[in-house]
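Heads up, the thing below is written out as structure tokens.
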Amino acid sequence: MGFTSGSSAGMRSSFGSFFWFLVFFCAAFLRSGEGFYLPGSYPHQYIVGSDLSVKVNSLTSIETEIPFRYYSLPFCRPREGIKDSAENLGELLMGDRIENSPYLFKMFTNETNVFVCQMNSLSTDDFNLLKKRIDEMYQVNVILENLPAIRYTKKDDFVLRWTGYPIGVKASNNAYYVFNHLKFNVLVHKYEETNVARVVGSTGDAADVIQTSEKSRSGKAGWMVVGFEVVPCSVLHNPEKTKNLKMYDKYPAKIQCDPTTVAMKVNENQPIAFTYEVTFIESDIKWPSRWDAYLKMEGAKVHWFSILNSLMVIAFLAGIVLVILLRTVRRDLNRYEELDKESQAQMNEELSGWKLVVGDVFRAPSHPMLLCVMVGDGVQILGMAVVTIFFAALGFMSPASRGTLVTGMLFFYLILGIAAGYVAVRMWKTIKGGDHSGWVAVSWRVACFFPGIAFLILTTLNFLLWGSHSTGAIPISLFIVLLLLWFCISLPLTLAGGFLGAKASHIEFPVRTNQIPREIPQQKYPSWLLVIGAGTLPFGTLFIELFFIMSSLWMGRVYYVFGFLLIVMILLVVVCAEVSLVLTYMHLCVEDWQWWWKSFFSSGSVAIYIFLYSINYLIFDLKSLSGPVSATLYLGYSLFMVTAIMLATGTVGFISSFCFVHYLFSSVKLD
């Protein structure tokens, strides 16, 4: 068979195009590690003097991991009353509660000594609550134009970046001081064109085409907010000068903001006055780059080289294991087929163990329905993770769009219920030899197994958050919405997938199963010990990335290197498949034909090491975590996470082992 010169040229051209597509595709993913995102939202431009509204988010702390509403503390209320901002499903699930604030700016209008309000006296309850929140190191999170306020501090020769600012501090003399004066710096960039601007964004915060407003067309320059900084100060105000002031009046004396000193001591039945100042600074930062200050990662080169080094080492080892395994199996098959029947029988007794279990290798496992249900749920979770990370790597779920990542995960999980039902029912039909009876029960269990576990864990944790009056608690209305999504979307789609799986042809086994099961020889060591130990190799592919993910979840850091995460996930899938395949082959070689569950847990056991790592992270990295409620929340969310990981990785191992065993025994010539 040959090709003409024209077809060869066409092949080379197609291959070249495909090659450059792969190069561009990989570059885009790696570029996402530098904050590359596709456009996601329209930037806003303001003329000089336009109102800018500052919003406040939930109070957060890495000491407790329990968020609270901003107005749960004795802070100034807006003149027009407290109003909630529209929030998506992901923001509500993450505990964000964005509300308006009394801070009001005017574009490019510097203001100083602006009086907000005075809390005439602190009640005993407010006084104790304020001290408690200061002890727990709670941070105030203010937002302007979707940008969280960033705070810079110096330690030795290093400049540290923080989002938000602390409520107050506790001095060495056990006195409490509150930050009651805020110095805001707003970085703005002048709108560059008069009609239409084309901007390709890097954080999902830009737009392809930006239409100018009528006011800008009239000749007045528009400005865009590209940075938001805050400097908190503790200033002692004179109560006599503030008692007759109204909101937004000028404080009669000049306020000196020195962040290195504190003066406003918190005492019971003592008034506290709140003031602020704002300075607008023209910046060279353009709209697409305004999130760069938040996405900077210390030791980025170390992070990249560590990830790449781990990927290369694991890929190299996994490739060696795969090559050795394939060569060994192929050599056995070739030698087996070259011998006559008598020599084959002698070879079976002397050399190979896996061919002796030919009549038992496809014997139905114990609890087959549970296995099918777990595999179906694993397919759903794995598909959700891959699709979500893929779109996040392309920039559609950037950190600039709060809640979109969680919302996307929930959406893809619901849609992939059809795949879960199909895989589970078809596997059930295969184990039953083509009999699809009971497919409805399998589909129901698939739709309820993992969501039921998640519902149990999250409901228990939610009661703890409700008891703490935290914004992290899921409201009753949202609970009802989640239940409706579960029973009105996920369940019907899973049943539809199960119906398709019941109608699909089952996978025929290449060999017949004996009526009497073969006795498994006694092993020198427990086979489950090897299964549990196999999880160390998949864990080695992700433990570095796991640290950054845990830091993002529990230390308030922004995680955005979804390109690297996608590569790590692909490598994790490959390693899980190969580890399970190798262990299945080893069990068959020692005449252990009960490989079904072992293939699942040989790769699924990585969840054990992730949970142990979570405990290690709690002890050594979150050692300041205070209170049993916070520790219970951490362990509960970690248990939920490792359950999902166990189902996903176990499914990869089982499917790879099933395909390998089917291929292996279909290649053997039998009488």
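Placement of Cβ uses the backbone N, Cα and C atoms for every residue, glycine included.
Among the features that TrEMBL reports, signal peptide is placed at 1-35. Annotated transmembrane segment per TrEMBL: 304-326, 370-393, 405-425, 446-466, 478-502, 528-554, 560-583, 595-619, 639-665, in sequence order.
Below 8 angstroms of C-beta separation, residues 66, 372-374, 376-377, 380-381, 417, 420-421, 424, 472-474, 479, 486, 490-491, 494-495, 498, 629, 632-633, 636-637, 639-640, 643-644, 647 of the same chain, each at least six residues beyond the ends of the transmembrane segment (446-466), sit close to that stretch. Here the transmembrane segment (595-619) sits against the transmembrane segment (370-393); at least 3 CB pairs are under 8 Å, leaving out pairs fewer than 6 apart in sequence. Count of Cβ pairs under 8 Å against the transmembrane segment (528-554): among 370-393, 405-425, 478-502, 560-583, 639-665, the largest is for 560-583. Most Cβ pairs under 8 A with the transmembrane segment (560-583) among the ranges 370-393, 478-502, 639-665 are made by 639-665.
Remote same-chain partners of the transmembrane segment (370-393), defined as residues 6 or more beyond its termini with a Cβ less than 8 Å from a stretch Cβ, comprise 28-29, 32, 405, 408-409, 412-413, 416-417, 419-421, 423-425, 427-428, 431, 442, 445-446, 449-450, 494, 562-563, 565-566, 569, 573, 596-597, 600, 644, 647-652, 654-655.
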